[in-house]
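Novice: Mind looking over this structure? Questions follow.
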């Protein structure tokens with residue numbers, strides 16, 4: 001499977017699962033996510049520590065959800081360019097014969113449609129990474145490198161309308177257990193094709 005897309009809210013465990021998959025799967029896989037691109041961007045292009053301060057790159061804006069003020073990631077013109085380059089980079093890597101694990105926070109079905117268009121000729125596995133909201137909030141608080149309220153805002157939105165090949169929960173399962181489930185699924189898929 002050239003591309004595995006792990007979709008879930010911030011703090012759901014996607015990066016940890018990706019690292020476990022890299023160790024577990026017999027083939028080599030690159031691990032790539034939007035955070036990889038954000039880390040390459042000039043700091044001045046983003047505003048990821050304070051809400052409601054627009055930026056050319058990525059920034060958080062306050063949204064109301066169930067009577068609470070939560071933080072939703074948004075993008076300026078430079079951020080939109082970066083996001084497009086991110087999708088196309090995964091496509092290019094796969095076209096060059098490299099396997100990729102994508103660690104993503106999709107904007108629901110809208111973004112899955114983008115991935116499906118960009119990766120239309122590439123075998124892709126969509127994995128939904130679910131986690132109870134209370135656990136996400138606790139993890140977000142422990143990490144201290146996230147804007148409070150962003151994981152909770154993302155919890156439902158990232159999965160809206162998305163069709164998955166496999167769905168797993170990280171609420172009580174470790175990254176290693178989740179990676180094993182994905183590896184088993186991939187093995188079963190390859191046996192069905194043989």
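Placement of Cβ uses the backbone N, Cα and C atoms for every residue, glycine included.
No curator has checked TrEMBL annotations; they are predicted automatically.
Pasting the feature list from TrEMBL:
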type	residues	note
ACT_SITE	35	active site
BINDING	8, 9, 10, 11, 12, 13, 14, 15	ATP binding site
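Describe each of these features in terms of where it is and what it packs against.
Specialist: Classification of residue 35 (active site) by DSSP places it within a helix. In the structure as shown, the Cβ atom of residue 35 (active site) sits within 10 Å of 14 other Cβ atoms.
DSSP assigns residue 12 (ATP binding site) to coil in the three-state reduction, outside any helix or strand. Long-range C-beta contacts of residue 12 (ATP binding site), restricted to its own chain and to partners at least six residues apart, with a cutoff below 8 Å, comprise 129, 130, 131, 136, 139, 151, 170.
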Novice: Taking the center of the Cβ atoms of 8, 9, 10, 11, 12, 13, 14, 15 at the recorded ATP site, which other residues in this chain have a Cβ no more than 8 Å from that point?
Specialist: 105, 129, 131, 136, 151, 170
Novice: Cα distance, residue 35 (active site) to residue 11 (ATP binding site), nearest Å?
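Specialist: With the alpha carbons as reference points, the distance is 13 Å.
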Novice: Let's check the environment of residue 9 (ATP binding site): how many other CB atoms sit within 10 Å of its CB?
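Specialist: The answer is 25 other Cβ atoms.
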Novice: If I take the alpha carbons of residue 9 (ATP binding site) and residue 35 (active site), what is the distance between them in whole Å?
Specialist: 13
Novice: What Cα-Cα separation, expressed in whole Å, is found between residue 8 (ATP binding site) and residue 35 (active site)?
Specialist: 13
